[in-house]
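J.: The following block contains the structure, expressed as structure tokens.
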Amino acid sequence: MAKYRRVVVKLSGRAIAGSAEFGFDSNALEHLAREIIAVRQSGVEVAIVVGGGNLFRGNQSDRWGIDRVEADNIGMLGTVINSLLLRGKLTALGEDNLRVMTAVPVPAVAEPYIRLRAVHLLEKGATVILACGNGQPFLTTDYPAVQRALELGADAVLAAKDGVDGVYDSDPKINPEAQRFSRLSYDEVISRGLRVMDQSAFILARDFGIPLHIFDIEQQGAMTAICRGEHRGTVIDTTGGKAGSAALASSAETVV
């Protein structure tokens, strides 16, 4: 039996790019689609907030010599491209109850995001793919992922990372002795200065107490395991580690 009834998956554009920094990777896309299908088949309702960093990043506006707001608009349209690509792959794999909803109207290819309609679609078994963030510039898709989770009554946010299996006490790519946290509280993340997601998104999650699961999307079955209540990656919630201290991961994963 699933632990969660409804989740929001935060999917970065980099996950779609696979081993490349930009563009698309067909193997990565198929892996993502099959992971989503597995979660749906477990009975969990799924909404997906898709990023666009594999196509364009608004924070690179200076590099291109364009206005930041214009750059963010381009980035939002990049999330539409990724959402349509994901929908196309899911359809090719046999999924037929799919909706792409956008915060910026693109009526020729998707429907506008309307909260109550999105909730209704989830209740009817649709996988809802959410594009364009929340339609506002100066934000990554971290904030809309938490925002949509709260709006849609999701039980948790699953932040899928590509090649990173949780939150560490230091950068594991630089420090081979870096240790991964199994559990953290919101306050522990702040006091330790750990980088989990954009601060505005993290504060929103903390204020409303929605659990965050930071995990490696490349690990097959990780999303489904999390939804069943098995531990993967790092869990951030109101309690954190036992006895008020952050819990470091052990060699064996445990049920949470």
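Backbone N, Cα and C atoms are what each Cβ position is placed from, and that goes for glycine too.
The ATP binding site feature in Swiss-Prot is assigned to Lys10, Leu11, Ser12, Gly13, Gly53, Arg57, Tyr168, Asp171; the stated evidence is sequence analysis. According to Swiss-Prot, the UMP binding site annotation covers Gly52, Asp72, Asn134, Gly135, Gln136, Pro137, Phe138, Leu139, Thr140, Thr141.
Relative to the rest of the structure, where do these features sit?
T.: Annotation for Asp171 (ATP binding site): spatial neighbours Ala178, criterion Cβ-Cβ under 8 Å with sequence separation of six or more. DSSP classifies Asp171 (ATP binding site) as coil under the three-state reduction.
In three-state terms derived from DSSP, Phe138 (UMP binding site) belongs to neither a helical nor a strand segment and is classed as coil. In this view, Phe138 (UMP binding site) is surrounded by 11 other Cβ atoms within 10 Å of its Cβ, with every protein chain counted.
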J.: Within 10 Å of Thr140 (UMP binding site) (Cα-Cα), which of the binding-site residues Leu11, Gly13, Gly53, Arg57?
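T.: Candidates kept after distance check: Gly53, Arg57.
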J.: Relative to the Cβ position of Gly52 (UMP binding site), how many further Cβ atoms are located within 10 Å?
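T.: Taking every protein chain into account, the count is 26.
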J.: Counting across all protein chains shown, how many other Cβ atoms sit within 10 Å of the Cβ of Lys10 (ATP binding site)?
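T.: Within a 10 Å radius of the Cβ of Lys10 (ATP binding site) lie 28 other Cβ atoms.
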J.: What does DSSP call Leu11 (ATP binding site) in the simple three-state scheme?
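T.: It is in a strand.
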J.: Tell me, if you would, which residue among Ser12, Asn134, Gln136, Thr140 (binding-site residues) has the fewest other CB atoms within 10 Å in the structure shown?
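T.: Output over binding-site residues Ser12, Asn134, Gln136, Thr140: least Cβ neighbours within 10 Å is Gln136.
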